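Per Swiss-Prot, the feature substrate binding site maps to PHE286, ASP287, VAL288, GLY289, GLY290, GLY291, LEU292, ALA293, VAL294, ASP295, TYR296. Per Swiss-Prot, N6-(pyridoxal phosphate)lysine is recorded for LYS101, and the stated evidence type is sequence analysis.
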Amino acid sequence: MNDWSIDAARAGYNVTHWSQGFYGISDQGEVTVSPDPKNPDHKIGLNELAKDMVKAGVALPVLVRFPQILHHRVNSLCQAFDQAIQKYEYQADYLLVYPIKVNQQKTVVEEILASQASKEVPQLGLEAGSKPELMAVLAMAQKASSVIVCNGYKDNEYIRLALIGEKLGHKVYIVLEKLSELKMVLAESKRLGVKPRLGLRARLAFQGKGKWQASGGEKSKFGLSAAQILTVVDQLKQEDMLDSLQLLHFHLGSQIANIRDIRQGVSEAARFYCELRELGASINCFDVGGGLAVDYDGTRSQSNNSMNYGLSEYANNIVNVLTDICNEYEQPMPRIISESGRHLTAHHAVLITDVIGTEAYQVEEIQPPAEESPQLLHNMWQSWTEISGRADQRALIEIYHDSQSDLQEAQSLFALGQLSLAERAWAEQANLRVCHEVQGLLSTKNRYHRPIIDELNEKLADKFFVNFSLFQSLPDAWGIDQVFPVLPLSGLDKAPERRAVMLDITCDSDGIVDQYVDGQGIETTLPVPAWSAESPYLMGFFMVGAYQEILGDMHNLFGDTNSAVVSIEENGMTNIESVLAGDTVADVLRYVNLDAVDFMRTYEELVNQHIAEEERAQILEELQVGLKGYTYLEDFS
């Protein structure tokens, strides 16, 4: 590509669109982060940052967090709603509630809470969906508005703890997911002498589209039907506690890509709100739940990995619909609450790691088959001679398909014992030569060529063996085909010479990234600079801040990675605020009830039985170091 430029790199990896301005490519071809939007010229080179951490003893892979991105995401969402409220003359305020299930890491929750420390009236609360999460938010919510929303299934202990939260000075909304929870809440509130703040989760008929659409609709796991909601109202009236019902909640599902789905869901829920107000309920909070999407691929579309709207459009639609329907019913406008965790956290974290080796197709010269070879091999040689002689463009596809068919036949004949191993190897090499030659002759401008170009890019792609576990660090890429932006951290000032796929170091064939963000959408391979052990480069996996850490598992006993918190000072200096060591081998063994101390005793017994005395101390030391070591690969010398 003689016309390659930095702008071509930015467009090719679509960085400008998925990064929201937080990440970019410098004129030197290095990936940078701009964590503080107030100072966009203050950038950190991720490649140099990683090298500095390695020099300081932080082994790769390392998850790097940028708390200033969290601050910006919180404040930009609040600002979008504040502007919408002003635009439509809405008569109530907005509260952002962070559901800690998205990322419960202490640093993340504390930084989100700190993002509004300077505000006289913080627009921030916390959501819990389990007893452990509730215990956490009870100790943290006072750092913001002290509002806590309790979702999820509940037992008496959960409810009692939530009510104790009221005694601690919090404003705790207990959202009823099941009809049976009401009886428990009423009983525990009487025992504690605490008036509960109740919420209802409405099960809407409308169902948004997307990977998590089962969270909404009539068959959703959570929520109350219209009839059950009326039962709750009747029971509260009988107890003279209808004024305890203060919040209406619904959830369309995570990552709602289409703004029309959000608008339609809010419209239905708004009528629930107004009808309940007319029945005498004192509801004053309207909780739209999650659903605010993240544009992982930067296409601004309705795909599962994108969104066709921005923050202002999201806030405007919610506020506009509520304003109109409340005015129609002549009911007061409620406080708007959203639980937008993915939007807050996705961009703030990037996994940086090294490529430990590659496997690439190398062009090899082939000789014509022996005269007595099967006719099939002669047919393949003919395909090669035709293509190497620069066949007519119209014949390219036919020759390619013939070669593919011949290869399949050769493999079948080998399985039947009618081809030798050497003949099969020759057939495979001949096919690869044809594929390589065809790849160079096809044109993306020809629409009939494009499917074959994609097929050949995948077939001839280099394999990059990358020092990470897909199951630990990007579990959604494996579990639900979530797309995450991936790109080399340096060398992007030169045209990419290869296409590659990223394979992790687990012993699992599913440990492969098979979708990559591209300027045109999603591809099955990634354009990369040539890699070698003499001129290696690092890889970055972006937008991994939501759900990935807590969902990650220990397949092959690869544990948590090292992590670091990095910010940029007012003077532009990089500040590595803290480093948290990842799991050691002993740590992950303990998770599965294997005791490293017992193992050392066993090692000593085996060493004494089998190792010469002069070697014993060294061998035992290496075994002990192994137990204390990082679960990922470190030593390539």
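Every residue gets a Cβ built from N, Cα and C, even glycine.
Feature annotations (Swiss-Prot) mapped to structure.
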{"residue": "LYS101", "record": "N6-(pyridoxal phosphate)lysine", "contacts (Cβ under 8 Å, 6+ apart)": "GLU127, GLY129, SER130, GLU133, GLY341, ILE550"}
{"residue": "PHE286", "record": "substrate binding site", "contacts (Cβ under 8 Å, 6+ apart)": "LEU247, LEU248, ALA269, ALA270, TYR273, LEU322, PRO334, ARG335, ILE336, ILE337"}
{"residue": "VAL288", "record": "substrate binding site", "contacts (Cβ under 8 Å, 6+ apart)": "PHE250, ILE262, GLY265, VAL266, ALA269, ILE318, ILE336, ILE337, SER338, GLU339"}
{"residue": "GLY290", "record": "substrate binding site", "contacts (Cβ under 8 Å, 6+ apart)": "PRO99, HIS251, LEU252, GLY253, SER254, SER338, GLU339, SER340, GLY341, ARG342"}
{"residue": "LEU292", "record": "substrate binding site", "contacts (Cβ under 8 Å, 6+ apart)": "LEU77, ILE256, TYR314, SER338, SER340, ARG342, HIS343"}
{"residue": "VAL294", "record": "substrate binding site", "contacts (Cβ under 8 Å, 6+ apart)": "GLN255, MET307, ARG342, HIS343, ALA346, HIS347, MET543, ALA546"}
{"residue": "TYR296", "record": "substrate binding site", "contacts (Cβ under 8 Å, 6+ apart)": "TRP18, ASN305, SER306, ALA346, GLN482, VAL483, PHE484, PRO485, VAL517, MET543"}
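The DSSP secondary structure for TYR296 (substrate binding site) is coil. GLY290 (substrate binding site) carries neither a helix nor a strand DSSP state and counts as coil.
A helical conformation is recorded for the residue listed as 'N6-(pyridoxal phosphate)lysine' in the three-state DSSP classification.
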